[in-house]
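According to TrEMBL, the protein carries these features:
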| type | residues | note |
| --- | --- | --- |
| REGION | 412-433 | region 'Disordered' |
| TRANSMEM | 30-49 | transmembrane segment |
| TRANSMEM | 61-82 | transmembrane segment |
| TRANSMEM | 137-158 | transmembrane segment |
| TRANSMEM | 223-251 | transmembrane segment |
| TRANSMEM | 263-281 | transmembrane segment |
| TRANSMEM | 293-312 | transmembrane segment |
| TRANSMEM | 318-340 | transmembrane segment |
| TRANSMEM | 352-374 | transmembrane segment |
| TRANSMEM | 380-403 | transmembrane segment |
Amino acid sequence: LAQSLFALFASSLAISLVFAIIPLCHNVVVLAVVMAVAGLAMGCIDTISNMQLVKIYQKDSAIFLQALHFFVGFGALLSPLIADPFLSDTNCILSNATANASSNLPHIRKSLVPHHPGNLSHYDLPMKGMVVTRVSYAFWIMALINLPVPIAVFFLLYKERMVPCFNSSSHPLLSADELAMETRPTAKDDLSTSVQRPHAAGGHDDLFSCCQSKNFRGASYTYFAVHITGTLVLFMTDGIVGEYSGFIYSYAVEEPLSVVHKVAGYLPSLFWGFITLGRLISIPVSYRMKPATMVFINMVGVLITFLLLLIFSYSVVFLFVGTASLGLFLSSTFPSMLAYTEDILQYKGCATTVLVTGAGIGEMVLQLLVGSIIHDRGSYSFLVCGMIFGGLAFTFYAFLLFFHRMYPKPSSDMDAASPDKPSVMDDTGQYQR
């Protein structure tokens, strides 16, 4: 826990520093390095926060994961609203020739939308002149908004006596007796936790315990199959989130829809708004519904939405309806998949790291793939790609359900008729029949 909290503190502090530095970068190489540091810090936060929630709350983790990802969506919805007042409606740098006619220049974001670069040849984009953008303020505001996060993490470290310099002067948030009460299994849960807790205690000595080969020794093929299929589901679904939010604006302003630029700009906000709403709704729903059922509903909903978007591809109204529907169905897929996969694997925590990494790779790779396809094949291929990715996600999920049925259950489930029989676990952490 101490290693995780220190990593969260360093990563969240790095994000504030990066956002403060970005406006000062006048070289693209320096900017690329700074952005890489930000991506690394965000990846650490994403992985560690998901993994720790699974380890701490185990079977109750679905609710907390939904809450965590609600705030992820809320942040994605809020940050463009903070930045928008500081964006210029004209070219960011005005030369003498364009200063007087700046109102006639299209916004940079809208000018770069068409997938035919030749269309931009008649635009004069001066590189020297009067700078009119105030976008630097948006980055500094975001840096200040994020600053309370590392402060709160450091306060938690301090209160839990994990900071070497302040061990004697602070009192932990939970005393030893209270902590024992919190972690002691109830009579109802004795049987289920007797198998899980010894493994959890031995499998998480440090952040890198998942990478040790001894944890894989003697594991069945279904153990790896669950990891792989779960990762492929999130690879596709998170890839859909990335490519849809990234290219829905480009698709809307192109023919045959030809939506007005300002109206099309609402589509990404609508998409993220319904992702946030869906995650908020999923917090109480996950208390009543199993994660596997929620993922199944999401997969079917994504497929049906893309099918209808293809059928009604000439309807602007349905584009908005479909965007909202897609955001709603994709909203709880990530946290529900984490909860479901960890439930299969008895909350060992390693699956979370693998799934989060696969989801991040999917978000990166599928955006690059779809961008190149749209460039070559036109805007309609955007929806076709989404339909294909949704179909692949549903197929991989069907394989995951199959491997779940094949996965060996803990001995406590098999020996339910004789609860006094102790569960047997070998030195590799694999449960024996």
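Quick reminder: no glycine exception, Cβ is built from N, Cα and C everywhere.
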Inset, instruction - Could you tell me whether the transmembrane segment (352-374) and the transmembrane segment (223-251) have 3+ CB pairs under 8 A, leaving out pairs under 6 positions apart? - result: yes
Legend entry - Top Cβ-contact partner of the transmembrane segment (263-281) among 61-82, 318-340, 380-403 (pairs under 8 Å): 318-340
Legend entry - Leading contact stretch, 30-49, 61-82, 352-374, 380-403 vs the transmembrane segment (293-312) - CB distance under 8 Å: 380-403
Inset, instruction - Sort out the residues at least 6 away from either end of the transmembrane segment (352-374), same chain, that have Cβ-Cβ distances under 8 Å to it, and list them. - result: 43, 46-47, 50-51, 54, 115, 210, 227, 230-232, 234-243, 246-247, 250-251, 334, 337-338, 341-342, 381-382, 385, 389
Legend entry - Interface-richest range of 30-49, 318-340, 380-403 toward the transmembrane segment (61-82), CB pairs under 8 Å: 318-340
Legend entry - Intrachain neighbours beyond the transmembrane segment (30-49), with Cβ under 8 angstroms and 6 or more residues off its ends: 4, 7-8, 10-12, 14-15, 18-19, 21-22, 68, 207, 352-353, 356-357, 360
